[in-house]
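Everything below concerns the one structure shown next.
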Amino acid sequence: MKNIGWMLRQRATVSPRLQAYVEPSTDVRMTYAQMNALANRCADVLTALGIAKGDRVALLMPNSVEFCCLFYGAAKLGAVAVPINTRLAAPEVSFILSDSGSKVVIYGAPSAPVIDAIRAQADPPGTVTDWIGADSLAERLRSAAADEPAVECGGDDNLFIMYTSGTTGHPKGVVHTHESVHSAASSWASTIDVRYRDRLLLPLPMFHVAALTTVIFSAMRGVTLISMPQFDATKVWSLIVEERVCIGGAVPAILNFMRQVPEFAELDAPDFRYFITGGAPMPEALIKIYAAKNIEVVQGYALTESCGGGTLLLSEDALRKAGSAGRATMFTDVAVRGDDGVIREHGEGEVVIKSDILLKEYWNRPEATRDAFDNGWFRTGDIGEIDDEGYLYIKDRLKDMIISGGENVYPAEIESVIIGVPGVSEVAVIGLPDEKWGEIAAAIVVADQNEVSEQQIVEYCGTRLARYKLPKKVIFAEAIPRNPTGKILKTVLREQYSATVPK
């Protein structure tokens, strides 16, 4: 039976002296043998708190070796980790604790004010029996035993519950099992060029699925994880050189920041091979900037529900297929579902995925779980197109698509054009009701109005987009509302600006 905690134990047996986790900012350096021992002590602490198989343990912590080992320790007990975004406000965290039925909450020092606010509520989460801060955890770990837990668990047993962003209401808890996480890590490790003793930089938060899966596949492949809890573009290149980093994880926005610092111009990092990125297509110009430094870029498309797996655009195709999310990873099928409900290998439609990497269910939401699947295919809610070579191009979210005069208009396509207008710093395109067309595309733009006007934006789009795709309305705003994970709240924008459209 596959158990993620057991995998760490096996790596500690095979490679006991190999560095597992390095955090230069705190001078933490831990081998796989040491990390496994710490995971066992974490399991002992959890057992003393009454945690048993199936119980939920909430982790409200920044990246740290303790986060990793609490996750592994819970896995060894058959308990279920609930990683929580440290940027969430008290009411949002409180909802997750209540919805997940978490029994123990372990939190870092920066989250203490949020925890205090939750505990001061008139009706705090009733299932929580213990609130463990960083100091209390450290004290308990000092006296904990490092023996391997003797618990039979793994396979289809729940491993973690991770809550989606919730742009349209309360977030849903995505349940992954030991099996789905093992499959996702295997899929990544079998698709990309990752080698034993590689050193991988992780500046992304572990409460997100891609980073958490990276932690796990690092143990699977015998990789050293270089952690950067607080991303700093001015320090990252020196860290890459000093720690002989081979691979880095980042989103396109971070990569754009990194190339603007002075250190990038003088960069000499012979060990570094490539970045893995996702969340948005990498601009072709940025790919070329990194290629000039002999740094390749691997891009991916994934969801929390697919445990960070889905498609990958390997570096050899980065320019030839610029704008694509790549092809399906190993052990994964990706297709499109047409309006007629037929699943097709090529063409345009809703992106669907079939694989062992998929979620088991949405926590306590059987109807949402049923609606998410079509004969084993997970419906992503994204609109995409798969070309004749099997490369996926994401068009937009299904729920955000605008139907104007009978034509499908994809906001993401318009946004990708408007962001190229000099002076524009942010943009969100939404559909607003229109008596003539049914809906029109409206662009909410954050820009310096001394540099750019509505007419300039429309004219710029007119040379790059079909006429029916042009924004019929441009609204300048000081800011665009986002949720704590940075996703634009288009429901808020639609509510805010619908009243401005003449009837």
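Residue positions begin at 1 at the first shown residue.
Any Cβ shown, glycine's included, is placed from N, Cα and C.
Pulled from Swiss-Prot:
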type : residues : note
SITE : Arg9     : site 'Membrane interaction'
SITE : Arg17    : site 'Membrane interaction'
SITE : Arg195   : site 'Membrane interaction'
SITE : Arg197   : site 'Membrane interaction'
SITE : Thr214   : site 'Important for substrate selectivity'
SITE : Arg244   : site 'Membrane interaction'
SITE : Ala302   : site 'Important for substrate selectivity'
For this session: Write down the Cα-Cα distance for Arg17 (site 'Membrane interaction') and Arg195 (site 'Membrane interaction'), rounded and given in Å.
Result: 17
Seminar exercise, completed: Arg17 (site 'Membrane interaction') has its Cβ surrounded, within 10 angstroms, by a count of other Cβ atoms equal to 9
Exercise. C-alpha of Arg9 (site 'Membrane interaction') to C-alpha of Arg17 (site 'Membrane interaction'): distance in Å?
Worked result: 13
Problem set entry | Pairwise CA distance, Arg197 (site 'Membrane interaction') versus Arg17 (site 'Membrane interaction'), rounded so that it is a whole Å | 11
Problem set entry | Collapsed DSSP category at Thr214 (site 'Important for substrate selectivity') | helix
Seminar exercise, completed: Of the recorded sites listed (Arg9, Arg195, Arg197, Arg244), the greatest number of other CB atoms within 10 A surrounds the CB of Arg9
Problem set entry | Minimum Cα separation from Arg17 (site 'Membrane interaction'), reported as the residue among recorded sites Thr214, Arg244, Ala302 that achieves it | Arg244
For this session: With an 8 Å cut-off on Cβ-Cβ distance and a minimum sequence separation of at least 6, pull the same-chain contacts of Thr214 (site 'Important for substrate selectivity'), or say none.
Result: Trp188, Leu200, Leu202, Leu204, Leu225, Gly249, Gly308
